[in-house]
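Participant: Take this structure first; my questions come after.
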Amino acid sequence: MALPSRVTSENEAAEKKGEDDEADEKNDAWEIRYEIDPILDFKRRHLENAMDEIEKYSRIQFLPRTTQRCYLNITKDDGCYFNSGDNCFQIISLGVGCRDFGTILHELLHVFGFEHEHNRPDRDEHLVIHWENIEEEHKIQFEKLETSKYLWNDFPIDYESIMIYDSYSFSKNDLMTIERKNGGELVRNNKLSEIDKEKLRKL
């Protein structure tokens with residue numbers, strides 16, 4: 001996935017934010033212009049809180065769109081997804097059932113090249129995929145990525161990541177679709193893990 005361009009901020013460096021584990025003071029920002037569909041105004045606070053969480057651990061800065069041609073459009077369509085489009089006009093859909101804080105944060109991270117942990121090139125070393133239990137139309141969601149197209153090869157698999165699917169995702173028969181190689185169950189996380197934060201710092 002192509003990533004948005006980083007631009008140099010004309011403002012002075014932002015004040016260093018609170019905790020020691022937060023991002024260091026920086027002289028430049030990676031600006032992401034966005035527009036929220038009015039139909040999602042009732043979720044604007046969740047959206048802005050998720051953006052704040054990403055900004056806290058990175059040099060990313062979300063700014064409302066004014067007249068920019070290239071921006072992130074946050075709208076309501078069927079389901080939850082991120083579409084990188086032409087790397088200029090990008091879309092996040094937050095359909096019914098996709099509007100809690102954890103899901104919004106998950107989808108926003110896709111903008112920056114975050115992928116699902118079960119799609120890692122080395123996932124077969126850590127996870128078992130039960131293809132026979134996956135809904136046919138969603139099997140594509142479980143394909144592995146090529147090493148050359150995966151940004152995070154230097155990071156270990158993260159069972160606590162907000163990008164991990166739970167063990168019953170897209171199950172057609174209420175049986176596990178993913179589990180750890182040791183037999184452990186995967187549980188969805190609704191907040192950034194320590195590795196998620198470290199990845200944001202590396203951007």
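The backbone N, Cα and C atoms fix where each Cβ goes, and this holds for glycine too.
TrEMBL entries are annotated by machine, without manual review.
Here the structure is a predicted model, which means the values were calculated and not measured.
From TrEMBL, here are the annotated features:
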- GLU107: active site (ACT_SITE)
- HIS106, HIS110, HIS116: Zn(2+) binding site (BINDING)
- 13-203: domain 'Peptidase M12A' (DOMAIN)
- 1-27: region 'Disordered' (REGION)
Participant: On the three-state reduction of DSSP, what should I expect for HIS110 (Zn(2+) binding site)?
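Facilitator: Once the DSSP labels are grouped into three classes, HIS110 (Zn(2+) binding site) ends up as helix.
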Participant: So what's the average pLDDT for the domain 'Peptidase M12A' (13-203)?
Facilitator: 90
Participant: Measuring CB to CB from GLU107 (active site), give everything in the same chain under 8 Å that is also at least six residues away in sequence.
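Facilitator: Looking at Cβ-Cβ distances below 8 Å from GLU107 (active site), excluding near sequence neighbours, one finds CYS80, TYR81, PHE82, ILE92, LEU94, CYS98.
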Participant: Can you tell which of HIS106, HIS110 has the most other C-beta atoms within 10 Å, given these are the binding-site residues?
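Facilitator: Result of the Cβ crowding comparison: HIS106.
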Participant: Determine, for the Zn(2+) site, the additional residues of the same chain whose CB lies within 8 Å of the mean position of the CB atoms of HIS106, HIS110, HIS116; present them in sequence order.
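Facilitator: Going along the sequence, the neighbours appear as PHE82, GLU107, LEU109, PHE114, GLU115, ILE162, MET163.
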Participant: Tell me which residues of the chain lie with their Cβ under 8 angstroms from that of HIS116 (Zn(2+) binding site), as long as they are six or more apart in sequence?
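Facilitator: Residues satisfying the criterion: GLN141, MET163, ILE164, TYR165.
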